[in-house]
Structures are given as structure tokens and as C-alpha cells.
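Listed features, source TrEMBL:
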type     : residues : note
COMPBIAS : 140-153  : compositional bias 'Polar residues'
COMPBIAS : 157-166  : compositional bias 'Basic and acidic residues'
DOMAIN   : 1-137    : domain 'HTH marR-type'
REGION   : 139-166  : region 'Disordered'
């Protein structure tokens, strides 16, 4: 039975970290009626407004439909406004949206920063950032390989002798 490659273990750790980080963010932001995805959208709109829905979808890595549903909710709550201009709708924050974002912004930034500051010193954080930047740059050009027998084993690796089994 094949052991899990280190690269797979790193990917699993990263995925679990992001999942847990989002869970904690949703708990914090939920106290103010927001989700982590809505916070990210509102913050992106704040920085780049007015922004189009397609630009927002590309930046947030969401489908057009997913962004449309989120924007409808944010608009219903009075946090954003969509201004039509010919065939394009431009999105910007309302005063209420700015206030809502401002009320949670510093806490959310501190929460996310603490995920690293609590366990890594400044040098380690800089090293991790440089490594993640390197990995991200590689991922931008990465393509899914064609399916071959050698690419995808027919039997999953054993969990024995891995951190996951413990």
C-alpha cells in the first residue's frame, strides 16, 4: 500500500486550516449578521468600488450565480447598491454597508492575524508568506493532468503511520 506523499499531507493541512479559519470567522462575523464570504465581498467592494459583478466573481473565486445570490442578500439588507450603466451594473457600499463593515473589520483582521501570530514569530511568518506566495504562483499555471493509471492509483493509500491516523 502506498503512503501519502508529503505534498498531499501539506495540501490536507492547508485545506483543514482554511476550513477551520472560515468556521471561526463565520462564528465571529455571525454575531453581526455576516458570513466570511460576505465580509470578503463587502471589503472588496469597499476597496475597488464601484465594481462590476463579474469582477467581483473573479476576485472572490465564486460562480456568477453564487455572487448574484450573495449580492441580492446584501442588497436586501441595505448594505450595497447596484447602479445600472448601460448593460453593466456597478456595485458600491451604502452608508449602512460601510458602517457594518467598519464594525467588524478590525476584529476580523485581528482574528485572522492571530491564527499565525499565536504560533509563529515574525521571521517564521515572513518565511511562511514567501513559501505560500511561491506555491500560489505555481498553482496559477497548474493544469489538471489527464487521467492515467499511473496518475490516479486504483487503491487509496493506507492511513497507517500518518498523522491523520493518530
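Cβ atoms here come from the backbone N, Cα and C positions, even for glycine.
Taken together, the residues in the domain 'HTH marR-type' (1-137) have a mean pLDDT of 93 on the 0 to 100 scale. Each residue of the domain 'HTH marR-type' (1-137) gets a DSSP state, and the totals for helix, strand and coil are 98 helix, 14 strand, 25 coil.
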